[in-house]
Amino acid sequence: MAAGLRKRGRSGSAAQAEGLCKQWLQRAWQERRLLLREPRYTLLVAACLCLAEVGITFWVIHRVAYTEIDWKAYMAEVEGVINGTYDYTQLQGDTGPLVYPAGFVYIFMGLYYATSRGTDIRMAQNIFAVLYLATLLLVFLIYHQTCKVPPFVFFFMCCASYRVHSIFVLRLFNDPVAMVLLFLSINLLLAQRWGWGCCFFSLAVSVKMNVLLFAPGLLFLLLTQFGFRGALPKLGICAGLQVVLGLPFLLENPSGYLSRSFDLGRQFLFHWTVNWRFLPEALFLHRAFHLALLTAHLTLLLLFALCRWHRTGESILSLLRDPSKRKVPPQPLTPNQIVSTLFTSNFIGICFSRSLHYQFYVWYFHTLPYLLWAMPARWLTHLLRLLVLGLIELSWNTYPSTSCSSAALHICHAVILLQLWLGPQPFPKSTQHSKKAH
C-alpha cells in the first residue's frame, strides 16, 4: 500500500509539472508577439536556440573543412610535459614556445589522451562542440538572471556568427576553454558563491591570460562586497591556485615559468592584427604606442570606477573599509551590478589591446548583447545596435584585415563605450532576492 502511495505521489508530481509546463507554453504562445522582446522569455528562446545550435554545430563539423593552426603545437607542448620536461623554456611546438600558464597544460593533457595523443581530430571537434554548447548554456543563465536583453538578440549571438563557430570547432583554440571557465565563474558570483567564483576565475586565467581583463572589475566587486580585509581571502584563493597549478614548473625553473606563461610584454605579429591594420607596422611595434594604450586603458578603468561603478557619494577609498563601518549602509550586489562591472572591465581592455587576433573574438563576443542592450542610451535604437553588432561581425570575418575593417571595429567599440558612459546607471534595482554570500 505504501508503495502504491509513493507511486501515485510520483505520478502526481509528474502530472503537476507537465501541467505547469503546458500552461507556460500556452501563455508563451498567447503572448508570442512579446516572445522575442520580453527578457522574461529568455530561457524559452535559449532552449530553442540551443537545440538549433546542436544541429548547426555538428553540421559545421561534418561539412566544413577543419583548419590546422595551433592544435598540433598544443599537443607537442603538452607531450613535452608528459615526457618529463618541466622547464618552461624547453617546451615548444611548431608555432613557437609554450606561452600559456599551467592550467592550459593540464586541460590539454586531458585532451591529448582523449584524442589518441592528439591525432583524432574529429573527437577533438566533438569535445569542443560540447564546450561550445556549455558556453551558450552558461551565457544564457547569466542573461536570464540579469533580465535586460530582449531574446531576439540571442539569434545573432548564436546561429549567425560563422567566426565563433570556426574558433570553437574548426580551429580548436584554447581561448574557448578559458572563456567557458570564466562564464562558470560569473555564474558562481551571481549565486553569491564568491570563493568558488574566484577559484574558477583563477582557473580560467591559468588557461589564458586574457581573462585578466576582467580582473579590475572583479577586484572592485570584491572590495565593494567585503572591504579590503574581507577580500584578502578571496584574492588568496586566486593567487594560491596559480601557485599550486604551477608548482611542478616553479620548482624546476621559476623564472622560466613566470617569464613564459605570464609574459605581458610579448610582441604580436602585424600580419595577424584585426584592430590596428590602418597603422604603419613600425608604429604598431613601437613601445611608446604600447605604453600609450596601457595609459588609456588604466585611465578609462579609473574613470569608470570613480564615475560609473562607485555611486555611494563616499570616497572610493571607502571601499577599503569593512562594509559595516561605511557611512552608506552596504547593499547586496545585484546581478546587473556584477555583470555590468565585469563585462565593462573586459571590454575596456579589449578596446585598448595592443593587437587582436581572430581567435580573440570569443573574449567578448558573448558579452556584446549585454553591453549594447542592458544600459541603452536613448539615441541608440534597436536598429543601430544591430548595425553595430553586424559591423563588428563583418570586421572579424574580414581576412586579411584591412584599414577599413579595423577602423570600423574601432568606431563600433567607440559607440559602445560612449553608450556605457552616457547610458542609464548600470546599477538598477535587483529583480531577485539576495542570497547569503559564501
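Glycine too: its Cβ is placed from the backbone N, Cα and C atoms.
Per Swiss-Prot, the annotated phosphoserine among residues S13, S324, S401 corresponds to S13. The list of residues near the transmembrane segment (289-309) in space but at least 6 beyond its ends in sequence, with Cβ under 8 angstroms from a Cβ of it, reads 216, 220, 279, 283, 316, 341, 344-345, 348-349, 351-354, 417, 420-421, 425-426. Same-chain neighbours of the transmembrane segment (407-427): 274-275, 278, 300, 304, 308-309, 311, 334, 336-337, 340-341, 344, 347-348, 350-351, 368, 371-372, 374-377, 380, 388, 391-392, 394-396, counting only residues six or more beyond its ends whose CB sits under 8 Å from a CB of the stretch.
Contact between the transmembrane segment (95-115) and the transmembrane segment (172-192) holds: at least three of their C-beta pairs are under 8 Å, each pair 6 or more apart in sequence.
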